[in-house]
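S.K.: The active site feature in Swiss-Prot is assigned to ASP53, GLU125. The Mg(2+) binding site annotation in Swiss-Prot covers GLU49, ASP122, GLU125. The annotation domain 'RNase III' is assigned in Swiss-Prot to 7-136 on the grounds of sequence analysis. Per Swiss-Prot, domain 'DRBM' is recorded for 167-236, and the stated evidence type is sequence analysis.
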Amino acid sequence: MKPSDGLEALQNLLGYRFGDEGLLHRALVHRSYLHENPHLDEKDNETLEFLGDAVLGLAISHFLLEQFPDYNEGELSRLRSAIVNERELTRIAVELNLGEYLLLGKGEEMTGGRRKASLLADSLEALLASIYLDGGLDAVLGVIKKLFDVYLRFEKREHVLKALDKDYKTQLQELTQARYKLTPVYVLDREEGPDHDKTFHMNVVLEGQVLAGGSGKSKKDAQQAAAEKALQIIAADSWSLD
């Protein structure tokens, strides 16, 4: 199947029919394709990806607030991070067979671009942005609710709650890799107390910057405490990558 073929099948899986299929086409154009075809007067999907990230975050936040009105900001942020991450976006992209529709350069194709998690996740965000531009907010909310149904149906809320069982370090790593393409590092700040009753203070560092600190009776507990604080800081938009 050619990448440009089968768009009707993709629209059927999405449960959405484009009024302007040009927007759908643009969502599938990777920059590598245009680099190798400079004569084409087209745009790649990177700006759509930027918009799609914001649209998806808004939609999931909206649905979680509806679903769990009694949850506090920290709990909602943890749920959103458990849902909106590269792993889950890639899973949905694979279910849509999205990789087969992408327009890639030959080099990207040869290195397995159609199966790359980051590329698939980014392309899904671009696809959601194209739906938003084509049909508006209500249209994209409907598609996102369909695609993320396993998390968002009330009777299936245990799937979302199960995500809360993830340790904070795992959640933080997934979030920072998805948002910043970086992996957090944990550094011992200091130890206090006698050998039989030590308290460890750990810092979580991102790109050379201390993001947060935490304490515990073991290094592992201190790392978890630091990761929890880091998640809260990122959720509150109180940190930026300089």
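For all residues, glycine too, the Cβ spot is worked out from N, Cα and C.
Neighbours and distances for these, please.
M.R.: Every protein chain considered, the tally of other Cβ atoms within 10 Å of the Cβ of ASP53 (active site) stands at 20.
According to DSSP, GLU125 (active site) sits within a helical segment.
Under a cutoff of 8 A between CB atoms, and with a sequence separation of 6+ in the same chain, the neighbours of GLU125 (active site) are LEU48, GLU49, GLY52, ASP53, VAL55, LEU56, LEU89.
Predicted-model confidence for the domain 'RNase III' (7-136) is 88, expressed as mean pLDDT.
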S.K.: Of GLU49, ASP122, which of the binding-site residues has the most Cβ neighbours inside 10 Å?
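M.R.: Result for the most crowded candidate: ASP122.
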S.K.: Of the residues in the domain 'RNase III' (7-136), how many are helix, strand and coil by DSSP?
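M.R.: Its residues fall into 94 helix, 2 strand, 34 coil.
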